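Below is one structure, written out as structure tokens, with a few remarks after it.
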Amino acid sequence: MELAFDEKDFLACCGSTRFATEMAKASPFPSFQAAVPAARDIWFNKVDVNGWLEAFSAHPQIGETKSVASGKSDTSAQWSKGEQSTALATATGSSLQELSDWNVRYKQKFGFIFIICASGRTSPEILAELKKRYSNRPIEEFQIAAEEQMKVTELRLAKLFSAREHMASTGDQGPAGLGKKAEDRVSIIGGHLTAISEVSSNKMPQRTARSRPPITTHVLDVSQGCPASGMDVRLEMWRGNQPRPLFGEAEVGGWILQGVSSTDKDGRSGQLMDIVNEITPGLYRISFNTSKYCPSGFFPYVSIVFEIRETQKQDHFHVPLLFSPFSFTTYRGS
């Protein structure tokens with residue numbers, strides 16, 4: 001089945017009018033994988049300098065919500081908000097101010113805003129990259145910004161194709177429905193991120209008799225904007241000869257299984273360990289069998305290692321996974 005899109009669809013992925021026009025001409029595409037080479041050829045070989053700058057101006061500056069240019073699509077704005085969610089969730093008042101100051105310095109030097117594929121990146125990581133790239137020569141930085149724009153475009157193309165495939169399966173073919181579906185996915189993910197943020201801010205009751213295990217998880221498929229059901233999950237604790245696993249060294253026999261489960265229709269796993277008032281401090285590893293959920297995806301599995309300290313043994317740890325076939329982001333609330 002080939003999927004057809006119009007210029008408005010592609011303009012939400014990349015703010016260059018020339019890019020959107022050329023992609024619409026090349027449409028339909030049999031798959032996302034077939035669209036990416038065409039998109040890269042158009043972006044790097046057919047879009048001129050003015051088109052690159054037009055695309056850059058469609059983005060909000062890191063730490064802000066409105067793009068430099070007006071009149072951009074609601075879908076693009078929602079996607080930008082989702083892409084910056086990790087940065088905003090990890091930012092403080094002072095770090096946002098520092099980002100703003102460096103954004104001004106960057107634009108004064110290069111003439112365009114700082115472009116980076118922000119998905120999954122924290123505020124400190126982005127600020128460090130901004131400072132590093134500030135020392136580049138203008139021609140070098142212009143090329144790097146174009147490459148970062150292409151990364152963003154590919155992520156959004158994945159969302160675009162995912163939404164259209166979903167609509168095809170449900171019979172909703174209207175272009176207006178595409179924007180609505182994309183916004184719905186962002187809203188679903190945003191709701192989960194808000195809940196995670198509240199956990200991280202200790203807004204949940206602490207140090208009470210437990211009604212659930214001290215470690216829980218759930219998985220969201222950000223490409224679909226829905227929970228990822230049927231994914232196998234394993235929880236292990238480090239009990240090796242070394243106090244902790246060492247980077248780059250074999251970990252034979254060091255991890256002890258605590259429990260296994262599979263995510264339900266809400267993307268939440270079943271019970272991975274006993275319900276105890278105090279969890280044993282130490283290093284834990286939670287692993288997700290992403291290849292079972294998406295056999296053709298980039299990740300065969302994902303493992304997250306985290307440490308629970310003596311002072312945290314009465315806390316609750318929620319370790320959700322924001323996953324797509326192409327990337328993942330984790331948050332931990334305690």
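Placed from the backbone N, Cα and C atoms, the Cβ positions cover glycine too.
Within the same chain, residues at least six positions away from ARG268 (substrate binding site) with a Cβ under 8 Å of its Cβ are THR216, THR217, HIS218, PRO227. Sequence annotations record features per position, and here TrEMBL assigns substrate binding site to HIS218, ARG268, TYR331.
Annotation source TrEMBL lists domain 'Oxo-4-hydroxy-4-carboxy-5-ureidoimidazoline decarboxylase' at 9-158.
The domain 'Transthyretin/hydroxyisourate hydrolase' feature in TrEMBL is assigned to 215-333. Looking only at the domain 'Transthyretin/hydroxyisourate hydrolase' (215-333), the predicted model's pLDDT averages out at 82.
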Per-state residue totals over the domain 'Transthyretin/hydroxyisourate hydrolase' (215-333) - DSSP helix, strand, coil: 7 helix, 47 strand, 65 coil
Helix, strand and coil residues within the domain 'Oxo-4-hydroxy-4-carboxy-5-ureidoimidazoline decarboxylase' (9-158) as assigned by DSSP: 104 helix, 3 strand, 43 coil
